[in-house]
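Enquirer: Please read through the structure below; I'll follow up with questions.
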Amino acid sequence: MKAKIAVLAGDGVGREIVPEAVKVLQAIGEKYQHTFEFTSADIGGQAIDKVGVPLPQETLALAKQSDAVLLGAVGGPKWEGLEYSLRPERALLGIREALGLYANLRPAKVYPNLVDASTLKREVIEGIDILVVRELTGGIYFGKPKGIEKLPNGEERGVNTEVYTTEEIRRIGKVAFEAARKRRKKVTSVDKANVLESSELWRRVMIEVQKSYPDVELHHIYVDNAAMQLVRNPRQFDVMVCNNIFGDILSDEAAMLTGSIGMLPSASIGAKVGLFEPIHGSAPDIAGKNIANPIATIASAGMMLSYAFKLEKEAEAIEQAIVKTLDMGYRTKDIQGPDTRVVGTTEMGDAILRNLN
Ligand code: NAI
Ligand code: MG
C-alpha cells in the first residue's frame, strides 16, 4: 500500500524519539513493500519560535492531507510564560479538534521483563493487557453552559456541564467493541449511572451497541469502583470504555500500572486521519542527551499500522521486535534494572530495527 504520513516531532525529546519511529516505519515499508511517504512540519514551541503560533496553518493542512499523523511531544520551560492560547500545548487540542478525533486509545500492558518497573506487586500486574478507550471531544470538557459568573451577593459560581448525545455514545461504543473483537472480547463500560443521568443514557446506549457484537461481553462498572479495581485486580479488564473525564483520569491510572511513561503509546482516531503519539511530554529534563526511551513512540507507530492502515501483521512485527529487544536485555535509563544493558535513544532504535522480522 501507499500512505502519506505527517511527521510532527515537536519539542524536547520529541525531536529524538520521532526519528527512531520513522526509522522503524521505513524498515517495515521496505520489508513488506509499502510506500510510506514522510513529510515533516512544525508544531508546538518550535513553531512558535519560527512563525509565532503553536499550530501553523501549513501544519494543519499537511495533517489533513495525510493518511496519518505521527506526533512527538510539545512544550517546555522556554514557552511557559506565554498566555494560554499561545502555549505549545494549545496545538494538541487544536489538531485533535480539527481532525475530529473523538476516540483516544491507550493500551497499558506489562512487558514480561519489565514487571518490576511497576510500583505495584508482581502478582498484581503480571500479564495485564488493558486498552482504555476514552471519548475525547464531548462531555464535561466541552458541554455548555460553562464558565464562571459573578453572583449578586459578590460570590462567584463556576459551571461545567456533562453532555452526551446518543450518537456520541454510540460511536465511541463501536470503537470499543471493534477493538475488543481483536482482543479478549470483553468491554467494561465505566459510568456513574447511579447518580448521573448522562451516565444512565451512556449505559443504555452501550447495551444497544452490544447487540451488534454478540461475540463480545459487556460489563458495567461505576467509576469509583473502576479506580479501585484497577489497582486491586487489573487483570480482570480487557477494553475499558469511558467518557472524556473518567477516561482522562483512568487512562493515567492504568498507564502507571506498567510503571514507565517512556513505554506507553496512544492513538487518537475517529475521522479520516488518525494521530499517533507517546503519552509522555517533551521531557525537557532529559532532552538532547540521547537517553529518552523511544519505545512509546515506536509502539505508537505500531498502532498507526494497525488502526490507520489495517496492517496487522506489520504492527505485530513491531510489537515482537520490542519484546525481543527487551528480552535481550536492552534498556534505556528509565527502565534499567539488574543485569540489563543500558543504551541510548538511537541505540535502542537500532536494536529494535535489527529485531524486526
Ligand atoms: P513529561 O512526560 O515530559 O515528563 C515526565 C517525566 O517522565 C520526566 O521526568 C521525564 O524525563 C520522564 N520521561 C518522559 N518521557 C520519557 C521518555 N521517553 N524516556 C524517558 N523518560 C521520559 O511531563 P512533564 O515533565 O510534566 O512535562 C514537560 C513538558 O511537556 C511540559 O511543557 C508539558 O506541558 C508538556 N507535555 C506535553 C505533552 C504532549 O505533547 N502530548 C503531554 C504532557 C506534557
Ligand atoms: Mg491526563
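Cβ atoms here come from the backbone N, Cα and C positions, even for glycine.
TrEMBL entries are annotated by machine, without manual review.
From TrEMBL, for reference:
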DOMAIN    4-352  domain 'Isopropylmalate dehydrogenase-like'
BINDING   76-89, 281-293  NAD(+) binding site
BINDING   R96, R106, R134, D224  substrate binding site
SITE      Y141  site 'Important for catalysis'
SITE      K192  site 'Important for catalysis'
BINDING   D224, D248, D252  Mg(2+) binding site
Enquirer: As a test of the contact definition, list every same-chain residue at least 6 positions from A283 (NAD(+) binding site) whose Cβ is closer than 8 Å to its Cβ.
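Expert: Non-local contacts for A283 (NAD(+) binding site): G12, V13, A73, A292.
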Enquirer: Taking R134 (substrate binding site) as the reference, which of G76, P88, D248 (the binding-site residues) have a CA within 10 A of its CA?
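Expert: Neighbours among binding-site residues, in sequence order: D248.
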Enquirer: Any same-chain residues 6+ apart from D248 (Mg(2+) binding site) with CB under 8 Å of its CB? Would you list them in sequence order, or say none?
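Expert: Spatial neighbours, sequence-distant, of D248 (Mg(2+) binding site): R134.
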Enquirer: Starting from the Cβ centroid of D224, D248, D252, the recorded Mg(2+) site, name every other residue in that chain with its Cβ within 8 Å, sequence order please.
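Expert: Other same-chain residues with Cβ inside the cutoff are V223, A227, I245, F246, G247, I249, L250, S251, E253.
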Enquirer: What is the interatomic distance between the Cα atoms of D252 (Mg(2+) binding site) and K192 (site 'Important for catalysis'), given in whole Å?
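Expert: Here the two Cα atoms are 19 Å apart.
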Enquirer: For K192 (site 'Important for catalysis'), what residues in its own chain, 6 or more apart in sequence, show a Cβ-Cβ distance under 8 Å?
Expert: S199, Y222, V223, D224, F246
Enquirer: Suppose we screen the binding-site residues R106, D224, D252, A283 by Cβ distance to ligand 1 with a cut-off under 6 Å; which survive, in sequence order?
Expert: A283
Enquirer: Which has the fewest other CB atoms in a 10 Å radius around its CB: R96, R106, R134, the listed binding-site residues?
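Expert: Each of the binding-site residues R96, R106, R134 was scored by Cβ atoms within 10 Å; lowest is R96.
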Enquirer: Cα distance, R96 (substrate binding site) to Y141 (site 'Important for catalysis'), nearest Å?
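Expert: Cα of Y141 (site 'Important for catalysis') to Cα of R96 (substrate binding site) measures 14 Å after rounding.
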Enquirer: Please go through the recorded positions G76, Y141, I291 one by one and keep those whose C-beta falls under 6 A from any atom of ligand 2; give the result in sequence order.
Expert: none
Enquirer: Measure from the Cβ of P88 (NAD(+) binding site) and count the other Cβ atoms within 10 Å, all protein chains considered.
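Expert: Result for P88 (NAD(+) binding site): 28 other Cβ atoms within 10 Å.
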